[in-house]
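As given in TrEMBL:
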REGION    1-23  region 'Disordered'
ACT_SITE  D91  active site, nucleophile
BINDING   Y143  substrate binding site
DOMAIN    181-283  domain 'Pseudouridine synthase I TruA alpha/beta'
REGION    348-372  region 'Disordered'
Amino acid sequence: EENGHPNKKLKSDADEEDAEDQNKKLPKRKIVLLMAYSGKGYHGMQRNVGSSQFKTIEDDLVCALVQSGCIPENHGEDMKKMSFQRCARTDKAAGQIVSLKVRLIDDILEKINNHLPSHIRILGLKRVTGGFNSKNKCDARTYSYMLPTFAFAHKDHEVQEELYRLDRETLERVNQLLACYKGTHNFHNFTSQKGPRDPSAKRYIMEMYCGEPFVRENMEFAVIQVKGQSFMMHQIRKMIGLVIAIVKGYAAESILERSWGEEKVDVPKAPGLGLVLEKVHFEKYNRRFGNDGLHEPLEWTEEEEKIAVFKEQYIYPTIINTEREEKSMANWLKTLPIHDFNSSAVEVQTNNKNPKKSSDAEGSDGCGDDSD
């Protein structure tokens with residue numbers, strides 16, 4: 001009491017409490033969220049509950065879900081309670097999908113985004129079947145890899161990075177090499193801790209190509225797209241790293257065939273900076289449930305413009321500015337001469353017997369799936 005009068009609750013406080021009570025009465029429903037984020041300054045996508053030292057994208061997402069009233073606070077501490085599942089662990093994404101159970105509050109997207117920083121956006125939401133799991137139901141993923149085109153300049157040519165422009169002939173060579181990855185191959189040399197006879201090292205690549213180059217802030221870039229059923233840790237970066245090594249003249253083209261055989265081949269891993277999860281595909285799910293009258297197909301054509309705007313506003317500038325400041329590609333290219341692309345299996349195994357665990361500034365490159 002104050003001056004003999006009982007305290008009156010402020011109207012806004014009372015409204016908030018009423019809204020919270022209403023939220024608690026809402027049943028939880030299984031949904032998917034379409035996410036875009038640039039990932040700069042975070043330690044990857046995946047949340048490590050109890051480790052506040054390394055902030056992840058999911059830390060900010062869970063906070064926003066709790067603050068907006070979509071999930072109870074205790075679900076934020078135990079993500080299994082909301083059946084949370086990410087589709088991939090990529091550090092940058094234009095089309096990440098997470099599945100979870102939430103209360104379907106009014107203006108849900110707006111309320112979640114109000115509690116998120118501008119470099120993390122929820123662009124879409126759809127209801128899905130109760131047993132839906134975004135990782136297990138995903139039947140393909142499309143990644144892009146943005147890189148400065150001077151990465152393809154031949155090692156014997158002196159190159160000024162900002163002045164370099166990719167010629168038609170080199171682009172065609174790059175695309176011929178990238179096309180070799182299509183189909184099913186044994187990618188044990190493109191990841192760590194998988195032996196040549198491990199069945200899970202066989203992966204199916206549907207398409208891989210490099211698009212037309214474009215100039216941003218006086219530097220020329222190009223974007224490589226790759227679509228596959230699933231990818232192993234570091235697989236895409238190593239696929240691109242090997243093509244760069246061949247185009248630059250460090251490795252013979254025959255190394256591609258060798259790398260799919262049983263011998264151990266030294267495959268360089270391109271920097272993580274340019275890797276972006278573009279899209280996840282749910283073709284089987286869409287055929288079964290997409291037109292059942294209760295659920296929508298998991299396609300995001302209406303969100304494509306928002307995705308394009310987000311990439312131009314946040315993802316591309318992050319890659320371009322970081323490349324200019326930290327020179328991650330330029331510095332990595334200097335390491336290519338130390339790789340031995342001709343050594344025998346025995347020599348490479350001896351050299352790699354006690355490999356030091358590499359610290360990856362980009363965290364996981366997101367190519368994690370059921371086999372990792």
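The backbone N, Cα and C atoms fix where each Cβ goes, and this holds for glycine too.
Neighbours of the residue listed as 'substrate binding site', defined as other CB atoms within 10 A of its CB across all chains, total 27. According to DSSP, the secondary structure content of the domain 'Pseudouridine synthase I TruA alpha/beta' (181-283) in residues is 26 helix, 33 strand, 44 coil. Separation of the C-alpha atoms of D91 (active site, nucleophile) and Y143 (substrate binding site): 12 Å, rounded to the nearest whole number. Mean per-residue pLDDT, taken over the domain 'Pseudouridine synthase I TruA alpha/beta' (181-283), amounts to 96. Here the Cβ of the residue listed as 'active site, nucleophile' has 27 other Cβ atoms within 10 Å, regardless of which shown protein chain they belong to.
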